[in-house]
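Residues or ranges marked as domain 'Photolyase/cryptochrome alpha/beta' by TrEMBL: 1-133. Residues or ranges marked as FAD binding site by TrEMBL: Tyr224, 236-240, Trp271, 274-281, 372-374. The feature site 'Electron transfer via tryptophanyl radical' is assigned by TrEMBL to Trp306, Trp359, Trp382.
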Amino acid sequence: MELVWFRRDLRVDDNPALLQAIRSGNPVLALYVATPLQWQQHKMAPRQADLIFRRLGELQNDLKDLGVPLLYEEVDDYQQAVEQIQRICQTHSITSVHVNNEYELNEVIRDERLREALADANMVLHQYHARCLTIPGSALNKQGHYFKVFTPFKKALLAQWQPSAIEKIEPCQANSALDIVTQEWGNAQHSFRYPRENSQAWPVATRDIRQQLRDFCSDTVQIYQQERDFPARSSTSKLSAYLAIGALSPKQCVARLYANGEHLSEGGSTWLSELIWRDFYQHLIYFEPKLCKHKDFVEWAPRIQWLYSPEYLLSWQEGRTGYPIVDAAMRQLNQTGWMHNRLRMVVASFLTKDLHLDWRLGEAYFMSKLIDGDFAANNGGWQWCASTGCDGQPYFRIFNPISQGERFDAQGEFVRQWIPELKEVPNKFIHAPWKYSEFDNVDYPPPIVDHKAEREITLALYKEAKDL
Ligand SMILES: Cc1cc2nc3c(=O)[nH]c(=O)nc-3n(C[C@H](O)[C@H](O)[C@H](O)COP(=O)(O)OP(=O)(O)OC[C@H]3O[C@@H](n4cnc5c(N)ncnc54)[C@H](O)[C@@H]3O)c2cc1C
């Protein structure tokens, strides 16, 4: 009997672990193990937990169509997950376990332990790559090292890689005589023991996710290049939540992108680049486990003198900084679990370069709120903005929250959507409402810091850290 352990790959399509288990010709069992204590340590957002919970119901249905039962277990952490899997292997006379790799340090260690434990009992762990477009380590520079700059990485990746059709998965014939009854998903036995927050705005049925991808690739992608930076417009795919939990794979995205022919539009090429950024950061954590230990990427960054200010942090978290574009973005995050990419950059820059707070505080808060929380992308994004990262933003490039608002939300549509208190403020002052003559009558705080002054402080702090 083969066992497929599902983790952040909650799909049946483009899932090599499942495909190969079925192709073995042996009966196949599927398993999901909830690890609430581990999730807490990784600060997984309750909204993402809800998304995973709901998605598991769909996965159970999709697996049922293939004749594969989904077992469910709840333990505390990865250590217990490994022990539990050993027990399951004994109970069901499993000979091989199939998994798709994850590249974060704790996950790598977990799989290493499992491989050793299985080997001791004469079982095999089969590991596959399905999280990225390319296998970490497959795109290297001439010296055989991983790329530290995105553009050559992208070039190397595109040079050695061809978009390919997704292999169709067939039902598991060997399971026809299998006599294992599993509980319908959502049954009281599936308690999940983790706080959950409503994620209904994200449909989880496979056909709905596929349709969203199809609609984006046949329609919106055409305007992606011109429109993607404007948060009031719906011009990005909003597929990140599915990519993060593996309800969708990047290869499925690219296969759909190329479905209309080999020549990509400008929008299509830009979208492909974003998916390659995703690979870039996944490859990076594979090569640099220190990133999973909360370390800066660049060697001089630990010398940056961050400020300690719980009050500033709270104002930022709650969207009360007095800078409308920052506050609107944080309220979007708090209320929906998602934030537009441009605004992720703006609020991250504000936290680190206007409030001088350690990027790790922002990274952790994002993780605790994001429905698409993904360690590699989040860490990469935060370190890029804080200028401590691999191919990060130069430290002297500091976003101005007023001009970012004026440029990307000129009519204040986005700001007014999330901060109704500013509805009456004229466009001219919408990104600097304290300059409005009637500001005293508006229920909105004045700026907690002066951007110009803080910018100078940041330049000095970073220069000092770099020159030391
Ligand atoms: C500070 C910061 C934190 C971030 N945290 C996360 C996170 O936890 N999870 C996450 O998925 N993305 C993160 N991103 C990247 C990006 O903001 C989101 O992927 C994007 O906003 C998701 O919206 P979308 O699906 O509409 O993206 P689209 O524009 O449609 O892009 C398609 C896909 O490409 C990937 N992608 C796009 N931009 C990036 C990027 N810069 N880095 C890595 N992958 C990218 C995502 O999987 C995304 O779904 C972060 C960015 C920053 C600046």
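Cβ atoms are placed via backbone N, Cα and C, with glycine included.
Here the features listed in TrEMBL are painted onto the structure.
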residue	record	Cβ within 10 Å
Tyr224	FAD binding site	20
Lys238	FAD binding site	16
Trp271	FAD binding site	24
Ile276	FAD binding site	22
Asp279	FAD binding site	23
Trp306	site 'Electron transfer via tryptophanyl radical'	15
Trp359	site 'Electron transfer via tryptophanyl radical'	26
Asp372	FAD binding site	23
Trp382	site 'Electron transfer via tryptophanyl radical'	25
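Per-residue pLDDT, averaged across the domain 'Photolyase/cryptochrome alpha/beta' (1-133), gives 97.
With a cut-off of 6 Å between Cβ and the nearest atom of ligand 1, the recorded positions Lys238, Ile276, Trp306, Asp372, Trp382 reduce to Lys238, Asp372, Trp382. Look at Trp382 (site 'Electron transfer via tryptophanyl radical'): DSSP puts it in a helix.
Separating the Cα atoms of Trp382 (site 'Electron transfer via tryptophanyl radical') and Trp359 (site 'Electron transfer via tryptophanyl radical') is a whole-number distance of 6 Å.
In three-state terms derived from DSSP, Lys238 (FAD binding site) belongs to neither a helical nor a strand segment and is classed as coil. Inclusion criterion for the recorded positions Tyr224, Lys238, Trp271, Ile276, Trp306, Asp372: a C-alpha placed within 10 angstroms of the C-alpha of Trp359 (site 'Electron transfer via tryptophanyl radical'); this criterion is met by Trp306. Counted with DSSP, the domain 'Photolyase/cryptochrome alpha/beta' (1-133) comes out as 64 helix, 27 strand, 42 coil. When the alpha carbons of Lys238 (FAD binding site) and Trp306 (site 'Electron transfer via tryptophanyl radical') are compared, the span between them is 33 angstrom. Spacing of Tyr224 (FAD binding site) relative to Trp306 (site 'Electron transfer via tryptophanyl radical') is 36 Å (Cα to Cα, whole number).
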